[in-house]
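What Swiss-Prot says about this one:
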type	residues	note
TRANSMEM	1-21	transmembrane segment
TRANSMEM	36-56	transmembrane segment
TRANSMEM	65-85	transmembrane segment
BINDING	GLY75, THR78	Na(+) binding site
TRANSMEM	103-123	transmembrane segment
Amino acid sequence: MGEILLLAAGGALGAVSRYGLNNLTVKLLGDSFPYGTLIVNCLGCFVLGFLMQWGFSSDSHNTHLKLMLTAGFLGAFTTFSTFSYETLDCFKNGDYFNGFSNILANVLLGLLMVFIGAYLGSLLKQNSGT
């Protein structure tokens, strides 16, 4: 039961964080392109790559924290369904450039951010001697 509560707490924090960051992004950059979804997905990819290399790469002694941060927080913070819906919406409105740009940006930048996060996590882990 404790794991479910940790998962729910992480998920609640992730969802609220995504909502807040998306609203801030719309205020700052407008809504002509789904920047909010792109930013949360890239940030989530970076954090997951970092955490999996730095703190959770092997048999972590803190599986509860891993569950709360990865499946809970990052699972709710990032969003494949919103990305897919926003892309389809672009296509339905005839905005093929933004639709394809959204696909390329989320996939390529997501992969790049996981790589960068994992690389930095690995460097930090090596430098800390753990």
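Placed from the backbone N, Cα and C atoms, the Cβ positions cover glycine too.
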- Message: Which sequence-distant residues neighbour the transmembrane segment (36-56)? Criterion: at least 6 residues beyond either end, Cβ under 8 Å.
- Response: 18, 21-26, 62, 66, 69-70, 74, 77-80, 82-83, 86, 102, 105-106, 109-111, 113-122, 124-125
- Message: Using a Cβ cut-off under 8 Å, which residues of the same chain at least 6 positions beyond either end of the transmembrane segment (103-123) come close to it?
- Response: 37-38, 41-43, 45-55, 57, 83, 87
